[in-house]
Amino acid sequence: MAANMYRVGDYVYFENSSSNPYLVRRIEELNKTANGNVEAKVVCLFRRRDISGSLNSLADSNAREFEEESKQPGVSEQQRHQLKHRELFLSRQFESLPATHIRGKCSVTLLNETDILSQYLEKEDCFFYSLVFDPVQKTLLADQGEIRVGCKYQAEIPDRLADGESDNRNQQKMEMKVWDPDNPLTDRQIDQFLVVARAVGTFARALDCSSSIRQPSLHMSAAAASRDITLFHAMDTLQRNGYDLAKAMSTLVPQGGPVLCRDEMEEWSASEAMLFEEALEKYGKDFNDIRQDFLPWKSLASIVQFYYMWKTTDRYIQQKRLKAAEADSKLKQVYIPTYTKPNPNQIISVGSKPGMNGAGFQKGLTCESCHTTQSAQWYAWGPPNMQCRLCASCWIYWKKYGGLKTPTQLEGAARGTTEPHSRGHLSRPEAQSLSPYTTSANRAKLLAKNRQTFLLQTTKLTRLARRMCRDLLQPRRAARRPYAPINANAIKAECSIRLPKAAKTPLKIHPLVRLPLATIVKDLVAQAPLKPKTPRGTKTPINRNQLTQNRGLGGIMVKRAYETMAGAAVPFSANGRPLASGIRSGSQPAAKRQKLNPADAPNPVVFVATKDTRALRKALTHLEMRRAARRPNLPLKVKPPLIAVRPPVPLPAPSHPASTNEPIVLED
């Protein structure tokens, strides 16, 4: 009964999603809505998974400083990973949630330097916080309400001086004596002097014009003169005059007039007092925020003094009574029964055999956290296409603490590089620039491109799993759908089960016969298209890329220019289509040509299809086209289409007059 009773001030779990972890909140109010439901006004607390990566690094540095200052005992990497799940970040963000979404209680405490971090792992449902997160500004600051407990906050008591020993300390830095209880005056004389000081203060307020406006009546002026500031001034006057009443009287009323002493209650205006009450309602006793947002022209000491004087007024008592009446009308506690409905992420029912998988899940899957294969209940976890699951205990840990017991790749664990000298961190242009086959002319053009690349390195176990678990991996299907993710952990787990049995029946590996390099070069030279003859009267353009090519490979790969393949009469664009008459061709002067950006420069090799090639493509069937696309390394045998030759049509003879006196002009 007490476990399901929730009160104001309790830290509780809220569930907003069946697959996401619980939300940790602190109940501030319990309100009953018009339709009879109960809503809880709560304070939001955030986990590490709820903040950005930069703020996580800031929290890590703060944790390292805390461990160094408090001299924490060493913990393992797994314990350090789990401690991040126990750390929360307080905020001033409020929200209203249905009370029926409460899933249990937890404990959240302010981290102290006397605490041992490993003790939080030994307790269930126990969290700590030391930083405050601002969801609007996206900042992470230290909590100003820190309890100063520890050796560096303790007072150092000096040793007592012996009889006759002189005090060598600097007396100017010591405290100043303001009252001597062993003074020659009696208590009656001191009280009489204080009455005189109050009377002088009342008379001084009557002479002051500003005080007459604030305290228009004599009773208000006398009440203001009876405050502590007047009594402190009177007792300080007695101390400074050696408890001589005659000298103290003359000090109270100097030659210029009576001395007027005011406190913060008199210095503040009515509008400033209303601003203070509004700020106190919003921020509580956080005087730094009150000064920053509402009263920046006041000092922090002035605000603190006004707060304690304001607590002695009738205004404070009236507001306290209103808050008490509001609290009586609100709910003090609410009973929420234990949530027993099944979770939608359950894979099998409770009555099934342990180790069985639900519908759609492959055999051999283990828990992503503890890697166990036996559990009374399994839960789907992570993306649906990954088919990951958690056992019952790890699922409860995930829901409460927002992480797994051990770091995994899906949770964002950092993976170390196995090969320190790999080029996986280089971009594609940088990797190509390191190649010995790249010339200095093309190296600058390659480095100007910003292309990202990645390098896949397979282990021996992965290569074995590809052959052992071909039915689970389905390589042909995976090759056709490279964007679909593959659960590598499940395949490796199944491979470890099948591997001992497969050792008795070794795999049949068919050796691949590779042709010598000389034969491959001859085949490439034989298959290379012949360079068409250029018509007379046209200049052959200079291919600048050929100047930088290796001369030994000039007969194998030669870049063909556009004018060479299509002829100089009709210029072609990059897609092989002839340019329109209104578009400027490449025969314009170099001064009018547009300069290419090095970052947008094309690759060094460009393939241009000729008319014969396009004609051969049209002669291919759909099946032959797909076969050629899947195996581009094999030669393609296509019969050229028969082109019907039309007989030449005789041109009509031009008609000329039989006789003319004009000369005949022949146009070439």
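Cβ coordinates come from backbone N, Cα and C, glycine included.
According to TrEMBL, the feature domain 'BAH' maps to 4-144.
The domain 'ELM2' feature in TrEMBL is assigned to 145-256. The DSSP breakdown of the domain 'ELM2' (145-256), given as helix, strand and coil counts, is 62 helix, 0 strand, 50 coil.
Here TrEMBL flags 263-315 as domain 'SANT'.
Residues annotated as region 'Disordered' in TrEMBL: 412-437 (among others).
Annotation source TrEMBL lists region 'Disordered' at 647-668 (among others).
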Next item on the list: For the domain 'BAH' (4-144), jot down how many residues DSSP puts in helix, in strand and in coil.
Entry: 39 helix, 60 strand, 42 coil
Next item on the list: For the domain 'SANT' (263-315), would you mind checking the mean pLDDT of the predicted model?
Entry: 87
Margin query: Summarise the domain 'SANT' (263-315) as counts of helix, strand and coil residues per DSSP.
Written below: 38 helix, 0 strand, 15 coil
